[in-house]
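As recorded in TrEMBL, the features of this protein are as follows:
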type	residues	note
COMPBIAS	190-201	compositional bias 'Acidic residues'
REGION	188-209	region 'Disordered'
TRANSMEM	21-41	transmembrane segment
TRANSMEM	47-65	transmembrane segment
TRANSMEM	86-107	transmembrane segment
TRANSMEM	129-147	transmembrane segment
TRANSMEM	292-310	transmembrane segment
TRANSMEM	330-352	transmembrane segment
TRANSMEM	387-407	transmembrane segment
TRANSMEM	413-434	transmembrane segment
TRANSMEM	500-521	transmembrane segment
TRANSMEM	558-576	transmembrane segment
TRANSMEM	597-624	transmembrane segment
TRANSMEM	636-658	transmembrane segment
């Protein structure tokens, strides 16, 4: 790249003054975010999987502006890179934040007329979907903003994905990141080779002067940077092309989606097939071998042991893929018990540990500690007045939207107020869990809120199942958005971006996502008869079954007893994993015990998806060993897998078009 430009020499605390909120960055962020949103819809409706895609968003943003650099009025900076990525994440995660892969299809596809409180089935128009999304869209953002000072600046929680994105942006732009203690350790873990980052102990305001003998080193760094950049871009293009080609092929030859690798009998009786989807292999690469191994264990447990047992014992005598009478519906209750048990135990442990840690930190904090909390000038922060008005306004907006959709008779105002307060509390826990473990337990948060709301709303209340679903949606939306924004704020903090600019980015992306998510949901339902063999919407079934369970509906034969057994087993496992998560010796042993959430996902998804993800996990394990877990190797792996996911997700639009036109299969 060219010689250092003035903006790269700015100290960290002056970088927020650089241009960030620009027309070009807004357009780029919305376009990249829209690509991710379409991709997330495809996989969310199939398996419930939705990803932030912050790393590929940052790479795509940089790649676009690098190609346009000669025609730019002013140079594209690392803080503008953060702004684009923040918009893209806000747009792309809309399908999960607004419940379009879970709660909304649960309300439309599975809620019975007698459960709605009106005696009628629920079908949302496009206008009503926009109202629904608007109600859920904003309070999570305002929940997150006041938490930044505590978890990012004061406690310096690592937020591994946010730190990794910051490192990637710094590498792409050939700049430095601001190292607090936690970020320093994260950077060392991510970047075993330190040629591209300055990891010395000088403060962010100090700049070293190049000696003549250092010039050759700098030039070699520039050459290495160029080589890595072009390698990653080529990798992204190649994997995108391979994945998109498979997507088109799968339309004309749908048999490639279900290859009976264990024989036709097991494929027909218990759905043991392989879908060699590049996207699901890519997801497995992103998830890593331990997680996909737990999922495979869940698939074997659910589809290899429990489903045949339920069918043999006549506990589920319908077609195997029937959610109501078949084995798939029966094992779903076990999946639900495992995930809820894991989530509840995790939350109890995290809450206790966080409270103790917060109390200890406050007791040990001295005035000198407070002086060392380096933050930006107030002009670059979101004001307290904005936060207070936003919190009150977004909460009122949520209540107005939900009352407008369902009325106060079915969804009482007090229940919405409780749901928002609960969402605030659970969002704090979710953000802390995300900061420490890189996992935002939004699914568990939703289930936990459903369990709590079963105590708030009487079971004989008309529409108790509906109210329970709405409460869960509010809690999940708050936790999802608060977590996403906090990851972005961590990225921005390390790069030196303006938190106020990132707040604006989240608002812009959210508003765009409200409309695009609503439109895409209607498009999918217009083209496909959902649920079907391609889009089983398992997350929606989980939502409705959890609501029915906690509001007193009956279970299939012996599902309760088996679910209790597995719920207790995985509750104990979750307790051990969470209590000893900082004990490295114990963790070496506990890694062999499966995670409840991953096992639950392996149970409720058909084996075809899980096997493909497991293949991806094996590839990730092999690759990381080959590159000795280096930062460059990890980045290349993430870019490679992102291309696989985005290619199939984007070209699902082509398949959708072919389906709507009635183009025949071969």
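Just so it is clear, glycine is given a Cβ too, placed from its N, Cα and C backbone atoms.
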Does the chain bring the transmembrane segment (387-407) near the transmembrane segment (129-147), so that three or more CB pairs sit under 8 Å (pairs 6 or more apart in sequence)? yes
Considering pairs 6 or more residues apart, do the transmembrane segment (21-41) and the transmembrane segment (129-147) have at least three CB pairs under 8 Å? no
Taking contact to mean 3 or more CB pairs closer than 8 A (sequence separation of 6 or more), are the transmembrane segment (413-434) and the transmembrane segment (47-65) in contact? no
For the transmembrane segment (330-352) and the transmembrane segment (636-658), decide whether they are in contact, meaning at least 3 CB pairs lie under 8 A, counting pairs 6 or more apart in sequence. no
Taking 3+ C-beta pairs under 8 angstroms (sequence gap of 6 or more) as contact, is the transmembrane segment (86-107) in contact with the transmembrane segment (636-658)? no
Among 129-147, 500-521, 636-658, point out the range having the most Cβ pairs under 8 angstroms from the transmembrane segment (47-65). 636-658
For the transmembrane segment (636-658), sequence-distant contacts whose Cβ falls under 8 Å of one of its Cβ atoms, 6 or more beyond its ends: 35-36, 38-43, 51, 53, 55-56, 59, 228, 231-232, 235-244, 246-248, 250-251, 277-279, 281-283, 285-286, 523-524, 527-528, 616, 620, 623-624, 627
